[in-house]
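S.K.: Structure provided below as structure tokens; questions to follow.
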Amino acid sequence: MEVIAKKRFGQNFLINKAIQKAIVDVACVDDENVIEIGPGLGALTDLIKELSKELIAYEIDNDLFKKLLVENQNSNVRFINEDFLNATFDEKKEWVVIGNIPYNITSEILFKLIENHSILKKATLMVQDEVANRLVAMPKTKEYSKLTVSVNFVGNVKKHFVVKASNFNPAPKVDSAIITIDFYKSLPYNLKKVLAFIKQIFAFKRKMLINNLVPQWPKADVIWAIEQIGHKQTTRAEELSLQEIMKLYEILVNSKSN
């Protein structure tokens, strides 16, 4: 059964076997419960299924889903014909995630993983190289953003290697990269509230931090909090490290006049 990549699903199939193996090596699956996002032609699936305790693969493309079922009739893989963004997970188990994810919904997938961090151990993902650079960006750089801080709040992010566009069929217009997120067992603050705070301070990147915060907190409290973390009133969100952002959040939440 010949399968043609569908643009609407953002499909680019990784055809380099050495890189396929390298991705699985980075994932380091060892008798664990695995979720695969977009198995596609099943290249990574074939390698992972021998290493996993349980493997659930979400494939939105009905044609690929049928092909995968035929080729994996006697395996331990459970294929689900569903958009990963609509998926629900068994919260009684700990999962590791792997996938060459559709680049047009990368942020949505990352935030779904963030929301489910408590049942996740690790994620190994193929993303655009530009996105990978954003995820590991340092403060005071143009790549540093809401996404950077949000993902790093729930886990340790590492960029492993770049995958050139020529290793895919069809070849995308940009290079890709492999990243991992090792999720923290617990978080120091409420996830929903912290994500809302991060969104607020990065709402208008050109605005000073104080102007993004004053709608919710009194100006005097904001000025005092910014000074407490060693910054000036003119500071912008992209100048703060994750640790400084969390300290600022803690001070403001505990401020007497809030």
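Cβ atoms here come from the backbone N, Cα and C positions, even for glycine.
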S.K.: Swiss-Prot records ASN12, LEU14, GLY38, GLU59, ASN100 as S-adenosyl-L-methionine-binding residues. Which of ASP25, ASP30, ASP83, ASP90 is assigned to the same site?
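M.R.: My reading of Swiss-Prot gives ASP83 as the candidate in that site.
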S.K.: Which residue, out of the binding-site residues GLU59, ASP83, shows the minimum number of other Cβ atoms inside 10 Å of its Cβ in this structure?
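M.R.: ASP83, out of the binding-site residues GLU59, ASP83, has the fewest neighbouring Cβ atoms within 10 Å.
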S.K.: Around ASN12 (S-adenosyl-L-methionine binding site), how many other CB atoms lie within 10 A of its CB?
M.R.: 22
